[in-house]
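As written in TrEMBL, here are the features:
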DOMAIN    32-475  domain 'Major facilitator superfamily (MFS) profile'
TRANSMEM  24-45  transmembrane segment
TRANSMEM  80-104  transmembrane segment
TRANSMEM  113-132  transmembrane segment
TRANSMEM  138-160  transmembrane segment
TRANSMEM  172-191  transmembrane segment
TRANSMEM  203-224  transmembrane segment
TRANSMEM  289-309  transmembrane segment
TRANSMEM  324-347  transmembrane segment
TRANSMEM  354-376  transmembrane segment
TRANSMEM  382-409  transmembrane segment
TRANSMEM  421-444  transmembrane segment
TRANSMEM  450-471  transmembrane segment
Amino acid sequence: MKKSKEGQDGHKVSSDQAFEKQSITACLLSAAFFGALGSSFLYGYNLSVVNAPALYIKAFYNKTWVERYGNPIPAQTATLLWSITVSIFAIGGLIGALSVSFVIKVVGRKGTLLLNNGFAVIAALLLSLGEISKSFEMLIIGRIIMGVNSGVALSALPMYLGEISPRHIRGFIGQFNSILICLGVFTGQVLGLPELLGQESRWNFLFSFLAVPALLQLCVLPFLPESPRYLLMEKRNEAAAKRAFQRFLGKKDVSQELEEVHAEARAQDNLHAVSVLQMLRTPAVRWQLITIIITMACYQLCGLNAIWYYTNGILREAGFADNILPYITLSTGAVETLAAIISGLVIERIGRKPLLIFGFSSMAVFFSLLTAFLYFQNSVAWLPYLSYVCILAVIAAFCSGPGGIPFVLTGELFEQPYRPAAFMIAGTVNWLSNFTVGLLFPFIQEKLQSFAFLVFVVVCILGSIYLCVVLPETKNKTFMDISRSFARINKTPCPPPGHEIELTLSITPDKNGKTQEVTKMESLF
């Protein structure tokens, strides 16, 4: 039953409508921006930062090898060391994803983000001082530590953003994760230009920059609230949760938000955070879990990573000189960032499901066109230009939905007790898929040549079909509403909201603001 109040014109306004008219507060925007700046921004930055100084880093490896052993580094050893330097980032990401659920239970969402900055600072020191110390091992260790930072960040940040946001802007706030990833990629491209830090004498400063966003987050985030859902449902501190809601929402009366969290706690029978094994055995979240695994796998296997492999080659075929390629490829980072921003602005109007399906479907179309253009580009002089347009279109399609919404969905499809385990599973799938693409794509490209992109066409089409059939729209729904949407396909009981009477746990505050558990029969309205 919805409460209502009199509007200025005398008409009644439902509490949901009043809820949706709330303005976005500076506290909420600050938490989203600075939370993402020290987390997903660093992940995006690390995706692009090694490209510009690659030749200088390889030269440093050879110089160090000669000083140690008196001989130039063998070609196979040089290739192996460089491959390890690049790919070990994904191994670190997997370690971070596997550990995040344990850390987040102990220190909370905000606490995990703050603790994670320590990895970024340590990695920045190792990576920037490796050349001075004449140790390429420091660069490899720094890369794996930075990977751990990214693995933790890509789980803890979406969880934090999803739990602090009102449901009518949960998608918009969640897209800060994607926007800052794209901005990080673009920043890495810009700073890597020869006029800035992409020189032999300055490349180590590219890695020193890693500490800047981390230190900025350390200066701001401690003064912003922890997730109110975490405070209420896991720490049992209603007073702190109330203060957090008041700051994030910019209003004194947050009884509706507190009641929504109480209702979720009662519906879960006060269940504590479950383990991954418990989650895998729970029928009530089976299809949510399958959906997240498929969506996150498609996020990595849809072919965007492979696009970077072809970009410079296509530009060379179009007649652009090597010395201007870095400036032209800035367009990819700019398009990526712009598409992510537009997606964040329209996600609450269009919804998650349409944007995901549109993104994957558009990628399938442009990958198909790209395959045709690559096949015939030697016979038609202007086809390489169309190939590059297709590359930009693929990037824009990816960032319009598939580039950020999988992280938003992981937070939305699961209620509080399942969320840490869900992010651990999603993160594991993400990083394993990332590593798989990096490992297998060179062999796929060698065998299939320009037809290699047809593999990604199949992935995008299958992902679109699955999402169209299975995924419900989550826009402007509570976490309990989303769980009810999956009840039918999970074949679990779904009593209608407002009519079930069950044995639940009522959580009431004591004199100190902590909560007490009282078992009673209660009707959920």
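Backbone N, Cα and C atoms are what each Cβ position is placed from, and that goes for glycine too.
Just so you know, TrEMBL annotations are computer predictions that nobody has curated.
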- prompt: Where, among 80-104, 138-160, 324-347, 354-376, do we find the most CB pairs under 8 A to the transmembrane segment (113-132)?
  reply: 138-160
- prompt: Under 8 Å, at least 3 Cβ pairs, sequence separation 6 or more: does that hold for the transmembrane segment (289-309) versus the transmembrane segment (382-409)?
  reply: yes
For the transmembrane segment (382-409), sequence-distant contacts whose Cβ falls under 8 Å of one of its Cβ atoms, 6 or more beyond its ends: 154, 158, 162, 170-171, 174-175, 177-179, 181-182, 291-292, 295-296, 298-299, 302-304, 307, 310-311, 314-315, 317-319, 331-332, 335-340, 342-344, 347, 352, 355-360, 362-363, 366-367, 369-370, 373-374, 376, 426, 463, 471, 474
- prompt: To the transmembrane segment (138-160), which of 24-45, 80-104, 172-191, 203-224, 421-444 is linked by the most Cβ pairs under 8 Å?
  reply: 80-104
Field: Tertiary contacts of the transmembrane segment (80-104), as residues 6+ beyond its ends and Cβ separation under 8 Å
entry: 46, 50, 54, 57-58, 61, 73, 112, 115, 136, 139-140, 143-156, 159, 273, 276, 420-421, 423-424, 426-428, 430-432, 434-435, 438-439
Model confidence over the domain 'Major facilitator superfamily (MFS) profile' (32-475), averaged pLDDT: 89
